[in-house]
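Annotations per TrEMBL:
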DOMAIN    5-89  domain 'Cytochrome b5 heme-binding'
TRANSMEM  111-131  transmembrane segment
TRANSMEM  137-156  transmembrane segment
TRANSMEM  253-273  transmembrane segment
TRANSMEM  285-305  transmembrane segment
Amino acid sequence: MAESKRYISQTELENHKKPGDLWISIQGKIYDVTEWSREHPGGALPLLNLAGQDATDAFVAYHPGLAWQYLDKFFTGYYLKDYSVSEVSKDFRKLAAEFSKMGLFEKKEHGTGILLCIIALLFSISVYGVLCSNSALVHLLSGALLGFSWIQSGWIGHDSGHYQVMSSRKFNRVAQILTGNCLAGISIGWWKWNHNAHHIACNSLEFDPDLQHMPIFAVSSKLFSSLTSYFYERKMNFDSIARFLVSYQHWTFYPVMCFARINLFAQSFLFLFSKRKVPNRGQEILGILVYWTWFPLLVSCLPNWGERLMFVVASFSVTGIQHVQFCLNHFSSSVYVGPPSGNNWFEKQTDGTLDIVCSSWMDWFHGGLQFQIEHHLFPRLPRCHLRKVSPFVQELCKKHNLQYDTASFWKANVMTIETLRSAALQARILSNPIPKNLVWEAVNTHG
């Protein structure tokens, strides 16, 4: 006689969502992933954020078909009582299965090898311009070319963090360390930890690190309540300093983006020298040391401090374009307070994301971010297929009356500045009166 199934309620499942006690539901079966969280390739944070609820759609989005066979060893023997699947989730899972049958997750046609050659060429020309020319203009252009090489290395780092861009995992790792740590000075380990949290908790003001830029930026007045960052494990205080900086954030946005990589340097160091478990910590630190060896040496080869400063500013400012691109996809979209929910995975990803409309010949410039909605729904999908699957995603959104927001690159910039300006003006209303003059009046009247 077959043994009857044992069930637990959603309320009981929610009791298992703290460190040391992590249970999740996948297709109605309950799994204890407490021990696995220590070894999970994506880190413990995604499991912690989705614990105590159904995580089927997130599991489908992030894992290949082979991963299903490893779930049984975590099965508790319990099933979720009254488990049901929304029509949106049904269609999302069907679409993911269809893409898998088409082999889209395996066909990586965007030529990582070619891109690596382009990066090497840009880097070589930049170094040649510094070492073999006495022209200040050539030195300026060399800095700009180095910035462009960092942008392209950023796309490789982004893609390789989601799926294997090289012929083997070993070569994938080599590409990550070379283009991320050695060439750009940014820890690929930190990037994956940060970026996975962003994808799981897209546009949650408390759980998405990509929206937690206090005291410099605040995309919503909800941040004025001094919310807690569960990613950085600290309170994001909206004090007088934050109030002042946020009040002018629509003016400071682009200048800050020009030097945003300084923050990435700092985050990389904090991550690598923290007490948290860092896979291949030695490799990561060695790669960072390589960067901080060659870059200062290259800058020191310039003839004077003026040109050295010009070179650094040019290279950082060009790379700032990429930092702006990362912001455009989310800053002007819907935000929410609280943890991510696995029950409305599709809806949260589309609500919090904006696609950039562009011609196919400009795909190289956006690095796949122009199809951010598609990327968030199917993060394992190589970017060369994002344009191909976009009509299917649009059709699904239309069928279920869900948001599918798009804008041109220019319009997306305008929307981002408008979002920052709106929050800035609200911050000023909350602020205490300060001595006013004509300049102050003009700035506060016209933004």
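Any Cβ shown, glycine's included, is placed from N, Cα and C.
Keep in mind that this is a model prediction, so the values were computed, not measured.
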Could you tell me the mean pLDDT over the domain 'Cytochrome b5 heme-binding' (5-89), as a whole number?
91
Short question: which residues 6 or more past the ends of the transmembrane segment (253-273) have a Cβ under 8 Å from it?
150, 184-187, 189-190, 193-194, 216-217, 281, 284-285, 288, 313, 316-317, 319-320, 323-324, 327, 416-417, 420
For the domain 'Cytochrome b5 heme-binding' (5-89), jot down how many residues DSSP puts in helix, in strand and in coil.
34 helix, 22 strand, 29 coil
